[in-house]
Amino acid sequence: MAEIINGKELAKNIKQSLKQEVDKLKEDGIIPKLAVILVGNDEASKVYVRNKSKACNKTGIEYEEYILEETTQMDELLSLIEKLNKRADISGILLQSPLPKHLDINVAFRAIDPSKDVDGFHPMNVGKLVLGQDTFVACTPYGVMRMLEAYNINIEGKNAVIIGRSNIVGKPLVQCLLSKNATVTVCHSRTKNIEEITKKADLIVAALGKANFVKEDMVKEGCVVIDVGINRLENGKLVGDVDFEQVSKKASYITPVPGGVGPMTIAMLMENVVKAAKHQNI
Ligand code: NAP
């Protein structure tokens, strides 16, 4: 039976030590502050933004929220980003995705000052990650890496399989795992015979957004299984991309949903805000 990686507990501990760090920074006149922009009425995004504001509250990070109408035009969004870029009291800017379809998210991400890009989505920060330079690592992959570290899971020389190649999870995670010397394979919607690949994996990270996709027969005995997926079933229940009940019988470690990667993503965002504040005040 797998050991459960308790992301909720780990995230709580990280936020507690961040709170102490933030208190000290404030004594030195450095006040970390996050500005969050939400455009439109996406219900899931509203929940994510609320969770981020709660985490700021817990860590002592100041928080400002900009809720823009669904009909907001690109020039209005860009001028808000520009205003926040210029404000010395704002350490980090987070633009909640997805944006309404008429807005170009890549243009918007590119407009954020890279030194305030606490989500790690600016092309300059993505490039730095690829080159192995210090940068803001996207919060979900960063959270996955911190979980592995906290549970002393050494991935050097191991076969790591990521399912999903999105810009926010799969692709940056490739770099993170490579930097720890794993041998990385990425599967996506065109991958053939996915189970042949996952069965050879020592580590599987499922990030595709399909409820219970990873089944027991796709996983080898002793595999470490990290479930990034968040899927709401028709009955309202939240589940991941992994069939937790079945796969946990075979895995050595597994993350639950909820209470796994989700809380860690938010904790890493808080870390990135504090890092930004410190860098801006060197
Ligand atoms: P996304 O942008 O929709 O990307 C999904 C990826 O999965 C794509 O690369 C897609 O392949 C691949 N895929 C889809 N169906 C597949 C299949 N049947 N077999 C193999 N690969 C398949 O999703 P995302 O934004 O990365 O999010 C993925 C999941 O993680 C979602 O459930 C999301 O809610 C969750 N998430 C959780 C957190 C967290 O904090 N826990 C953070 C971010 C996202 P193609 O590229 O070929 O289309």
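Just so it is clear, glycine is given a Cβ too, placed from its N, Cα and C backbone atoms.
Residues annotated as NADP(+) binding site in TrEMBL: GLY164, ARG165, SER166, ILE230. In the three-state DSSP reading, SER166 (NADP(+) binding site) counts as coil.
As annotated by TrEMBL, domain 'Tetrahydrofolate dehydrogenase/cyclohydrolase catalytic' applies to 5-119.
As annotated by TrEMBL, domain 'Tetrahydrofolate dehydrogenase/cyclohydrolase NAD(P)-binding' applies to 138-280. In terms of DSSP helix, strand and coil, the domain 'Tetrahydrofolate dehydrogenase/cyclohydrolase NAD(P)-binding' (138-280) has 54 helix, 26 strand, 63 coil.
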NADP(+) binding residues GLY164, ARG165, SER166, ILE230: largest Cα-Cα distance, in Å and rounded to whole number: 16
Three-state composition of the domain 'Tetrahydrofolate dehydrogenase/cyclohydrolase catalytic' (5-119), taking helix and strand from DSSP: 61 helix, 18 strand, 36 coil
For the domain 'Tetrahydrofolate dehydrogenase/cyclohydrolase NAD(P)-binding' (138-280), mean pLDDT (0 to 100): 98
Intrachain C-beta neighbours of SER166 (NADP(+) binding site), sequence separation six or more, cut-off 8 angstroms: ALA207
